[in-house]
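One structure is given here, and the rest of the page talks about it.
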Amino acid sequence: MNSSFSYLFKKGCESIWLNKLMSIASVAVLSACLILVGVATLFSANIGKALDYVESQNEVVVFVYDTATDEQKAEIENKVKTHDNIASYTYISKEQALEEARAGFGEDASLLDGIEEGGSGNPLPASYRITLKDLDKMDDTVAQFTVTEGVEKVNSPRAEAEAIVSLKNIVSVAGVTLVVVLVAVSLLIIANTIRLTVFSRRKEINIMKYVGATNGFIRMPFVIEGMLIGLISAVIAYVAIYFGYATIMDGLGQFSSPFITSLADSFIPFKDIWFYVLGGFVGGGMLTGVLGSVVSMRKHLKV
Amino acid sequence: MIEFKNVSKVYPNGTYGLKDVSVKIEQGEFVFVLGSSGAGKSTFLKLIMHEETPTSGEITVNDFKVSSMKQKEVPLLRRSMGIVFQDFRLIPNMNVYDNVAFALRVTGTPTRELRKRVPFVLDLVGLVDKAKNMPTELSGGEQQRVALARALVNKPSLIIADEPTGNIDPELSMEIVDMLDSINKVGTTILMVTHEHELIRRYENRIITIENGTILSDRPDWRSV
């Protein structure tokens, strides 16, 4: 019945306006909760990405025997090129290794001059410097290369890798827990706020039942009210996150440390996620508003 | 049309509201229900309105099997009757017009239909010029007339009045009962609970007296013994 729905919708809107103080309180609480949920989620996501970035800086080095045959060298190169856990690699030849050593010695580079002429020549091995995709599989990858013929040894930043993997796990678990707790708290607070509204109108609801209104008819304006409060809170939370995110990104960009700037670069750009943030807020806000209304009305509809 | 067949109501704490009551009220009657407080008259009304359900027995109201109804049918029952309470029970933050209109809105009546019927019943009770007033701005008698208009607007076949003159000055009480009488003359069944004996004496109506949960007497008028 269209006339009924537009009447009830109007009543829901009127109710928000007439009970301004209550509505403002509800919107304030729900906005705060949504913002916290947004911050927690975005924070976890960004920490995850930052850790990914740090992870990608860790290199595994595969050293090749000088005495390896051409076949073995080709085999090693092939393995490096085609391995599915290798994100990128750099080949450092013996000569390049020596150059790097010279650069490392700085002023004392002349000490290395004698190497090529006397003795057994350049002792430094050729190597592949590898960055892995998945640090969890590092041990497997290292083992695979260690047993490959022609490989002298494999260096891996085992300790750092383990630390990063556990840190990522902790952040995921903490992030999810925090979000779940915040969502539960939001629901409770909203349900309670609406329960107060419903309670203050229980006489009215009672009269409506005597006049023959169905539960759905009585509930609808409160549900509309809950939905609108959810919607308004969602918009406020979105605007807050939008400006907050931009401010933080700018703030990080001010730091002179290249580590922090490249960290900031790895932050998820807002334009990639604005839709999810807005959608999440609107969906979550309206759902909380509706659920809060329905749950808090149940007792008063039993006449 | 109301029919009670061997109806009993026992409350959880063990007290009897009604004990094996059987009575029939035909369409078009105007019946007074008397009895002291706690005698069972409110239980009687509550059972008719489905505010309570009987512990045993059958109740039929307007072709509704009230004693065995499903919860979702209750609104339909309530719409088939107009109820007038002692404390008026108008919705406080709606004006007179909206209060009366509300009874039509719950049935999904379209707005243009509403615009005809509400002024019509307000005119019947003589309150057209107070349509925009809030209930708090009206006297007790006026509020009760609004409640009556609301009870009438759905054209019910039965009107239940629970001590309708309880909160009204004696002079105005007669007006209310006169109105109920006119409504009855058009064919609506009226069931009025009261303890005001002077009012009763002005009419030749059936009187059912309830005492201790049973029907003490059921007389065709106040003179019969």
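Cβ coordinates are placed from backbone N, Cα and C, and glycine is handled just like the others.
Note that TrEMBL annotation is computational and uncurated.
Among the features that TrEMBL reports, transmembrane segment is placed at A:21-43 (among others).
The annotation domain 'FtsX extracellular' is assigned in TrEMBL to A:59-154. On the 0 to 100 pLDDT scale, the model's mean across the domain 'FtsX extracellular' (A:59-154) is 79.
As annotated by TrEMBL, transmembrane segment applies to A:170-194 (among others). Beyond the ends of the transmembrane segment (A:170-194), by six or more residues, the same chain brings 22, 25-26, 29-30, 33-34, 36-37, 40-41, 43-45, 47-48, 51, 222, 225-226, 229, 284, 288-289, 291-293, 295-296 to within a C-beta distance below 8 angstroms of the stretch.
What TrEMBL lists as domain 'ABC3 transporter permease C-terminal' is A:177-299.
Residues 12-13, 16, 23, 26-27, 30-31, 34-35, 38-39, 42, 190, 270, 274, 277-278, 281-282, 284-290 of the same chain sit 6 or more residues outside the transmembrane segment (A:228-248) yet have a Cβ under 8 Å from a Cβ within it. Taken from TrEMBL, the feature transmembrane segment covers A:228-248 (among others).
Annotation source TrEMBL lists transmembrane segment at A:273-295 (among others).
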